[in-house]
Amino acid sequence: MRALSRLIQGRILLLTICAAGIGGTFQFGYNLSIINAPTSHIQEFTNETWQARTGEPLPDHLILLMWSLIVSLYPLGGLFGALLAGPLAITLGRKKSLLVNNIFVVLAAILFGFSHKAGSFEMIMLGRLLVGVSAGVSMNIQPMYLGESAPKELRGAVAMSSAIFTALGIVMGQVVGLRELLGDPQAWPLLLASCLVPGVLQLASLPLLPESPRYLLIDCGDTEACLAALRRLRGSGDLARELEELEEERAACQGCRARRPWELFQHRALRRQVTSLVVLGSAMELCGNDLMYAYASSVFQKAGVPEAKVQYATIGTGSCELLMAIVSCVAVERMGRRVLLIGGYSLMACWGSIFTVALCLQSSFPWTLYLAVACIFASILSFGIGPAGVTGILATELFDQMARPAACMVCGALMWIMLFLVSLGFPFIMEALSHFLYVPFLGVCVCGAIYTGLFLPETKGKTLQEISEELHRLNFPRRPQGPTWRSPEVIQSTEL
């Protein structure tokens with residue numbers, strides 16, 4: 001509660017979190033969930049458009065393939081955005097990159113809004129690709145911007161706000177997609193184009209707020225601008241100690257240039273950080289949680305929920321993740337990162353196992369369908385309390401200022417590749433595995449929990465420089481701490 005009260009006192013920091021989040025990870029969650037409501041309407045539009053062009057309707061398997069492409073082009077665009085995020089963050093800075101990123105949102109909204117009148121499902125595909133690019137940029141730069149702007153004791157909670165805005169975007173997308181609002185068969189172009197609203201809000205608010213102090217001092221070398229940004233973010237407190245820590249980090253990075261993504265894999269000093277990023281970033285996407293939103297209707301129908309009630313059940317899933325994201329934002333500085341990750345993945349594996357058993361017994365015991373639905377909600381709660389937010393902090397906390405943009409590129413690219421592959425294959429996995437559709441994801445959850453327990457160091461309450469020093473010791477465990485003793489040189493006088 002003390003951390004929360006300090007956050008409220010720093011009103012500029014709170015406004016910065018909101019302005020970055022509304023056009024950042026909020027957009028990711030919003031565009032991830034709104035595609036669920038118009039599923040049947042867009043499939044009908046695709047079939048009608050194809051029939052108007054060729055005179056023949058599309059076969060069912062091709063309709064499913066076209067729909068899978070529309071869904072999976074979003075993570076493909078996210079991959080391009082993740083690769084673009086690093087150069088943007090270095091060249092333009094954190095804040096300006098988030099502002100420029102809204103160009104993709106505006107273009108996508110135009111394509112969505114006129115796709116029906118133009119009779120072009122290709123415009124929907126291109127729009128999904130562009131909002132994916134926007135999400136890829138913002139999901140990498142927003143945690144970096146907020147993590148570098150927050151004080152040490154609030155860094156985890158502030159970075160976890162990215163997960164809160166993601167969950168909030170998911171819930172808002174589900175609510176706006178209700179039949180009573182924009183879920184009507186004729187309103188789906190407007191529903192998809194509504195992503196423009198958060199972009200406009202960010203364009204109106206973020207220019208009034210400060211840039212990352214770390215970027216201003218370490219990357220730009222502007223001490224005065226850094227101090228001015230710190231004063232605005234921290235209020236009237238004593239800034240001498242924090243400025244001293246920033247100067248220490250600047251001295252450690254002196255003479256170094258920003259690392260390129262492939263260089264992260266070549267340095268032994270970054271081995272543990274890169275491995276943790278790859279393993280846990282992949283686990284977050286392969287645990288099957290994001291698919292719950294992209295194919296929420298199908299999953300609930302498998303669990304036996306009546307079709308008329310499905311849209312309300314999906315709102316419940318988003319609300320669960322939002323609730324747990326808020327809880328974990330408060331708990332992360334008390335319990336630490338490792339506990340939340342281990343607990344989240346372990347509980348997800350537990351609920352996923354029960355969910356699979358419940359689906360298998362559904363024909364024999366009708367009451368198990370309620371158990372299956374309860375497991376879906378419990379699994380989302382478990383995801384929200386740990387993996388949803390903590391994974392996004394890793395690139396900010398485990399890497400120094402010179403490697404951080406490249407690390408965000410690697411992490412983002414990896415997560416979007418995984419999400420693209422699983423989004424493309426999930427409809428076919430559902431058909432092939434039926435009641436066992438979640439079995440492949442259970443092993444991922446178990447591996448994520450084991451790796452976190454064995455290899456991920458705790459970063460709670462440490463400065464970024466202290467974390468770098470600890471990771472250096474872990475990467476070079478046999479390196480002696482003090483001066484080494486050398487024996488006297490032996491001179492061999494006999495020569496051949």
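Glycine is treated like the rest: Cβ placed from N, Cα and C.
For the transmembrane segment (12-30), the residues of the chain that approach it from at least six positions outside its boundaries are 78, 98, 101-102, 105, 131, 134-135, 138-139, 141-142, 145-146, 149-150, 154, 158, 161-173, 195, 198-199, 201-203, 205-206, 208-210, 232-235, 318, judged by C-beta separation under 8 angstroms. Among the features that TrEMBL reports, transmembrane segment is placed at 12-30 (among others).
The domain 'Major facilitator superfamily (MFS) profile' feature in TrEMBL is assigned to 17-460.
Summarising the annotation, TrEMBL assigns transmembrane segment to 62-86 (among others). Below 8 angstroms of C-beta separation, residues 28, 31-32, 35, 39, 42-43, 46-47, 97, 101, 104, 121, 124-125, 128-141, 261, 294, 405-406, 408-409, 411-413, 415-417, 419-420, 423-424, 427 of the same chain, each at least six residues beyond the ends of the transmembrane segment (62-86), sit close to that stretch.
Among the features that TrEMBL reports, transmembrane segment is placed at 98-115 (among others).
Among the features that TrEMBL reports, transmembrane segment is placed at 121-142 (among others).
Taken from TrEMBL, the feature transmembrane segment covers 154-176 (among others). Beyond the ends of the transmembrane segment (154-176), by six or more residues, the same chain brings 3-4, 6-7, 13, 17, 21-22, 24-34, 36-37, 139, 142-143, 146-147, 182-183, 191, 194, 198, 293, 311, 314-315, 317-319, 321-322, 324-326, 328-330, 332-333, 337, 384, 388-390, 392-393, 396-397, 459-460 to within a C-beta distance below 8 angstroms of the stretch.
What TrEMBL records for 188-209 (among others) is transmembrane segment.
The transmembrane segment annotation in TrEMBL covers 274-295 (among others).
Note on the transmembrane segment (310-332): residues 3-4, 29, 33, 36-37, 156-157, 160-161, 163-164, 166-168, 170-171, 173-175, 177-179, 183, 292-293, 296-297, 300-301, 340, 373, 376-377, 380-386, 388-390, 460 of its chain, located 6 or more positions outside it, place their CB under 8 angstroms from a CB of the stretch. Positions annotated as transmembrane segment by TrEMBL: 310-332 (among others).
Look at TrEMBL and you will find 339-361 (among others) tagged as transmembrane segment.
Marked as transmembrane segment by TrEMBL: 367-394 (among others).
If you look up TrEMBL, you'll see 406-430 (among others) marked as transmembrane segment. Below 8 angstroms of C-beta separation, residues 64, 67-69, 71-72, 74-76, 78-79, 81-83, 85-86, 89, 132, 136, 139-141, 143-144, 258-261, 263-264, 273-274, 277-278, 281-282, 284-286, 288, 290-291, 294-295, 298, 302, 394-396, 398-399, 437, 440 of the same chain, each at least six residues beyond the ends of the transmembrane segment (406-430), sit close to that stretch.
As annotated by TrEMBL, transmembrane segment applies to 436-456 (among others). A Cβ distance under 8 Å defines the sequence-distant neighbours of the transmembrane segment (436-456), meaning residues of its chain 6+ beyond its ends; these are 272, 275-276, 279-280, 282-284, 286-288, 302, 337-338, 341-342, 345-346, 348-349, 352-353, 355-356, 359-360, 387, 429-430.
As a quick check, the transmembrane segment (98-115) and the transmembrane segment (339-361) miss the bar of 3 or more Cβ pairs under 8 A, pairs 6 or more apart, so the two do not touch. Per-residue pLDDT, averaged over the domain 'Major facilitator superfamily (MFS) profile' (17-460), rounds to 83. Outside the transmembrane segment (188-209) by six or more residues, the chain places 12, 15-16, 18-20, 22-24, 26-27, 30-31, 34-35, 37-38, 41-42, 45, 95, 98-99, 102, 105-106, 108-110, 112-116, 124, 127, 131, 134, 169, 176-177, 182, 232 with a CB less than 8 A from a CB of the stretch.
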